[in-house]
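Asks: Handing you a structure now.
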């Protein structure tokens, strides 16, 4: 299983152009044939292309060096060298490409099949046939190929999912994503079952919605406690937030307050995202009463109740996801 990655550095290089050829025609009855050195092939380009089934940057290692192929040298009989193969780097939708040294954003690839040439390969050198003139009938020189270019890039995913499930440890996030998608997010009765985001796809009438089961948040996450900053960074890259609150516990309002406060401290802008409050574990004793209290207290929020085991509210919740995502 690949580790989840939504940011990494790559060092990419385009290919060198091939050298031009110094050659002279040598055929029977043509002892002093003219120059016939062909041009070098161009170096390969570096191309970034969006691939629809990618969700993370896990195909690559942080700091990995990737290079396009060099062009081949020219040959006699005016034959050009072969062009170098392009380097195609596949990335998920919503990938931003930065110059890692200047921190400037160079490109943003949002949609399936978007592509961009980040570096052009070096031009091939001209063969000596190009330098023949009335005063230079036998040029014994050719151009070298142009060198390729190198860039230190940083890739970042600006959006990792349509919906991010947020909650305290053991709120039931992993069970929910397993219920509504084909994901099999690890489910167990201990904190921090989810340590990296897990993804699932909800499909309704040929429309897909990406759901992320994000690591559980605890009080102090905005100060780096627990999975802290990594968790909160992932939250910022989802379109819709779902606060999952265990209403079988009488501390349900405390759970809500912790979630709101940690987001506010880390980045108050996160509170402007679309969100749904989901009361989980309605099948347990006392949960329905707590759910009704939660709806009353949070009367201005979208509040839904679910039971994964009794299949209560699941279809309504999925419909709400699609409504908010406007898919």
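Glycine residues also receive a Cβ, built from the backbone N, Cα and C atoms like all the rest.
Keep in mind that what you see is a predicted model, and the values were worked out from it rather than measured.
What Swiss-Prot shows for this protein is this:
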- 2-160: domain 'Obg' (DOMAIN)
- 161-326: domain 'OBG-type G' (DOMAIN)
- 167-174, 192-196, 213-216, 280-283, 307-309: GTP binding site (BINDING)
- 174, 194: Mg(2+) binding site (BINDING)
Asks: Just to be sure I understand the packing, how many Cβ atoms besides its own are within 10 Å of the Cβ of residue 307 (GTP binding site)?
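Replies: I count 18 other Cβ atoms within 10 Å of it.
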Asks: List nothing but the one residue from 173, 281 whose Cβ has the fewest other Cβ atoms within 10 Å; the candidates are the binding-site residues.
Replies: 281
Asks: 170, 174: which of these binding-site residues has the highest Cβ count within 10 Å of its own Cβ?
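Replies: That would be 174, with the most Cβ atoms nearby.
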Asks: So if I draw a 10 Å sphere around the Cβ of residue 167 (GTP binding site), how many other Cβ atoms end up inside it?
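Replies: Residue 167 (GTP binding site) is surrounded by 25 other Cβ atoms within 10 Å.
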